[in-house]
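Please read through the structure below; I'll follow up with questions.
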């Protein structure tokens, strides 16, 4: 599971680096206006920011904040749905945890590959029979972040190359250059969001989620540090909204889901796949005795030998007579 989490994080990072480098540049270092990413992402976003600044007399920073809020509101239903799904899986996990603990203890005692495979199959069966995801909804929970990647790539190029935005400032912070202040604020916000997400979660699950707790803020710090301040401002505002959303999930959504799952388990208890008497000895042994044939093959030979012995005895009796 940890490997899958790190692969997912690496995939996101690679996607961002790829999208950020998709804007074609000419020999002078300026973006090529005929490039695909520039025409369909960077230019429309730059025009929208200019429209907000010119028609509402806003600062470029406030225009970026407005776009951030709109994007977050658009993906809010999906984010709430994914949070609900992850919370349901987390609560269900508590009811099958005793069975999982039994298998994990036995897995440490496994001496053969067959025994390890048997334990893994039984563990998968526990998840499947009780309709619980082995990832706990973690993979699906990254979908809102994936949806924001094109916006991030467009804003990255817009803040760096679009005239007016690249030279603008927001309360003394140049939007076209990296800002250490926004990097620190962004990192602090996402560390806070990770801490809030750990509240009201059992200790066992906290240990499993510690990797993601540090991975997400570090990833955001890297994004903000390697991007213009206009992009860091996007992640800063997004961090504030993420903290608010996490508080709503932990203190409003989770208690309701916990009560619903408890009531559901009273009516439909989890299926018992393994008990304390669970053993791995049922796994087939890898050693095969090639000299000794199976019993079902020995029987015909013995019957044939008995018949031949009877015929030979009859011949000998006739000769004596």
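Count begins at 1; order follows the chain as displayed.
Quick reminder: no glycine exception, Cβ is built from N, Cα and C everywhere.
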Out of 132-159, 272-299, let me know the one TrEMBL marks transmembrane segment.
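It is 132-159 that TrEMBL annotates as transmembrane segment.
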For the feature transmembrane segment as recorded in TrEMBL, pick the matching range from 60-81, 82-103, 104-125.
60-81
Could you tell me which of the ranges 212-232, 233-253 is annotated in TrEMBL as transmembrane segment?
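It is 233-253 that TrEMBL describes as transmembrane segment.
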